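Features reported for this protein in TrEMBL:
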- HIS427: active site, proton acceptor (ACT_SITE)
- LYS52, ASP293: FAD binding site (BINDING)
- GLY165, GLY166, GLY167, TYR168, ILE169, GLY170, LEU171, GLU172, GLY252: NAD(+) binding site (BINDING)
- CYS43-CYS48: disulfide bond (DISULFID)
- 4-305: domain 'FAD/NAD(P)-binding' (DOMAIN)
- 329-436: domain 'Pyridine nucleotide-disulphide oxidoreductase dimerisation' (DOMAIN)
Amino acid sequence: MKKFDVIIIGSGTAGAKIATECAKRKKTVALIEKDHHIFGGSCINIACIPTKTLIHDSLHDSLYEEAVERKNKLVKKMSENKYKSLYGLDQLSIYDGEARFVANKEVEIVTNSTKEIVTAEHIIINTGAVNNTPPIEGIEHVKNVYTSTSLINSEELPDKLVIIGGGYIGLEYASMYASFGSDITVVMPEDTLIPNEEPEIAQEVEKVLKDKGITFLFGKQVEKVKEENGVISLQLSNEDEVKGDAVLIATGRKPNVEDLHLENTKIMLTDEKAIQVNDKLQTTVDNVWAVGDVKGGMQFTYISFDDARIIINQLFGDKTYSMKKRNNVPYTVFVDPPLSRVGHTKESAEKDGYEVVVNNMPVSSIPRSHIMNDQRGLFTGIVDKQTGQVLGASLFGHSSEELINIVKIAIDHKWLYTDLRDHIFNHPVMSESLNNLFDLEIEK
Ligand SMILES: Cc1cc2nc3c(=O)[nH]c(=O)nc-3n(C[C@H](O)[C@H](O)[C@H](O)COP(=O)(O)OP(=O)(O)OC[C@H]3O[C@@H](n4cnc5c(N)ncnc54)[C@H](O)[C@@H]3O)c2cc1C
Ligand SMILES: NC(=O)c1ccc[n+]([C@@H]2O[C@H](COP(=O)([O-])OP(=O)(O)OC[C@H]3O[C@@H](n4cnc5c(N)ncnc54)[C@H](O)[C@@H]3O)[C@@H](O)[C@H]2O)c1
């Protein structure tokens with residue numbers, strides 16, 4: 001049986017980074033990827049990069065088919081570059097095959113024509129997540145039912161798209177396909193949009209997305225789907241019916257564990273069927289680690305990348321970096337304009353015992369928004385009344401995907417609101433708005 005220092009299952013964000021770092025340190029590595037067409041994993045092939053490219057082009061008057069073509073070229077280039085950056089690294093063997101466990105520390109690699117069992121001192125599982133499709137009667141018989149992956153590969157713009165689920169994918173695709181000109185209905189079980197965000201921000205997002213022509217059906221489940229002459233009818237929980245010519249299922253993504261044959265090991269799963277790890281990303285088997293979406297929790301590329309930092313620190317560093325040190329993770333929902341958040345909302349800060357000062361500021365008060373001719377949105381800043389420390393921000397408006405990182409630095413470094421209020425920004429730019437967002441009256 002061939003023995004490596006490290007086996008990595010999946011070439012996603014974490015896997016590729018760990019493979020490079022191990023090879024740099026002259027470790028022998030087997031990197032196993034089951035689908036050569038998505039070498040480099042989800043982010044560059046089916047997720048962040050293709051969707052944000054299409055979103056960009058949807059806002060710059062591109063025709064849908066042209067945008068899909070540009071997206072395809074970019075994805076191909078990025079995937080090839082990723083492969084080239086790894087292929088030929090000394091000590092690194094890339095396997096085009098599916099990995100499955102046959103014992104705690106033994107992995108079988110299955111290709112079309114071969115089977116080989118390999119072992120290693122360390123095994124890292126980076127198999128990502130797969131779509132979670134709810135059981136809806138009739139759905140398997142209906143054409144033009146898409147996932148986030150298949151819809152953006154279809155070159156035909158849907159005329160009337162019904163989206164099931166109002167999370168990240170549901171909202172980003174609703175906004176993007178509305179910008180391209182599709183008629184959009186979002187069916188979601190929640191009673192309100194983005195219930196974990198500041199209520200004022202959520203209301204503003206809803207208003208802006210409705211102004212784009214998107215219809216939301218709140219508090220509804222889809223029970224049955226059927227198709228007649230190309231018209232798809234979705235029967236909802238309250239007997240209502242909604243019709244479209246295409247359906248997107250955007251009801252979450254679940255850890256990809258099914259084909260790993262973990263029953264041959266002592267690797268345990270959580271109640272949510274993710275691989276159970278501790279804060280160092282160790283599974284329940286010694287020297288087997290899990291990184292990225294497959295370990296459950298937040299599903300973001302930068303979390304997978306940060307997981308790689310943990311592994312590299314644990315294998316080659318001083319072993320001090322772990323999930324315990326990860327906090328204030330920012331995120332952006334790339335609707336138009338983007339919604340970004342870091343740290344506390346008013347409600348979550350108060351739950352944690354803070355007395356807070358809150359400032360809401362319309363984007364229209366920012367000079368840059370007039371230059372760009374886009375005054376939509378609202379910014380909210382949250383500050384601890386006792387200490388004056390910045391606790392959080394919710395930014396719904398142009399460029400928020402960049403601005404939010406300034407607030408993250410402020411929270412991480414325990415800056416006071418006055419640090420942002422008095423910072424000299426250049427002008428006229430969106431970031432100077434932080435001077436005003438954190439210009440607060442704080443009485444102690
Ligand atoms: C539509 C969409 C948009 C998104 N947009 C964003 C965004 O804007 N920003 C953001 O931060 N996140 C975004 N995400 C989430 C982000 O893409 C994921 O969190 C991230 O890519 C997860 O990476 P990973 O390292 O866990 O694994 P992945 O990148 O998913 O890689 C897993 C790899 O393992 C391979 N594999 C699986 N099983 C086996 C096996 N048995 N043997 C061998 N290989 C195997 C797969 O083929 C795959 O290549 C988006 C997700 C989606 C679906
Ligand atoms: N900008 C980004 O960073 C970005 C973009 C896209 C996706 N992602 C990641 O991808 C992951 C998956 O995205 P997602 O939107 O699929 O998941 P999600 O968890 O964000 O949202 C799922 C939605 O589907 C609804 N839902 C669940 N079961 C349902 C059912 N049976 N019927 C109808 N609706 C149902 C949920 O209530 C929710 O509204 C996210 O967790 C996110 O981390 C990130």
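Glycine residues also receive a Cβ, built from the backbone N, Cα and C atoms like all the rest.
Feature annotations (TrEMBL) mapped to structure.
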| residue | record | Cβ within 10 Å |
| --- | --- | --- |
| CYS43 | disulfide bond | 24 |
| CYS48 | disulfide bond | 16 |
| LYS52 | FAD binding site | 17 |
| GLY165 | NAD(+) binding site | 24 |
| GLY167 | NAD(+) binding site | 15 |
| ILE169 | NAD(+) binding site | 23 |
| LEU171 | NAD(+) binding site | 25 |
| GLY252 | NAD(+) binding site | 16 |
| ASP293 | FAD binding site | 31 |
| HIS427 | active site, proton acceptor | 10 |
Cβ-centroid neighbours of NAD(+) site GLY165, GLY166, GLY167, TYR168, ILE169, GLY170, LEU171, GLU172, GLY252, 8 Å, sequence order: ILE163, TYR173, ALA250
Integer Cα-Cα distance in angstrom, CYS43 (disulfide bond) to LEU171 (NAD(+) binding site): 18
Rounded to the nearest Å - Cα separation of HIS427 (active site, proton acceptor) and LYS52 (FAD binding site): 27
Close-lying recorded positions around ligand 1 among CYS43, LEU171, GLY252, where CB distance stays under 6 Å: CYS43
Listed recorded positions adjacent to ligand 2, that is, members of CYS43, CYS48, LYS52, LEU171, ASP293, HIS427 whose C-beta is under 6 A away: none
DSSP residue counts for the domain 'Pyridine nucleotide-disulphide oxidoreductase dimerisation' (329-436), split into helix, strand and coil: 39 helix, 31 strand, 38 coil
Between ILE169 (NAD(+) binding site) and CYS48 (disulfide bond), the C-alpha gap once rounded to whole angstrom: 10
Nearest-integer angstrom distance between the alpha carbons (Cα) of CYS48 (disulfide bond) and LEU171 (NAD(+) binding site): 14
Nearest of the binding-site residues (GLY165, GLY167, LEU171, GLY252) to ASP293 (FAD binding site) - Cα to Cα: GLY252
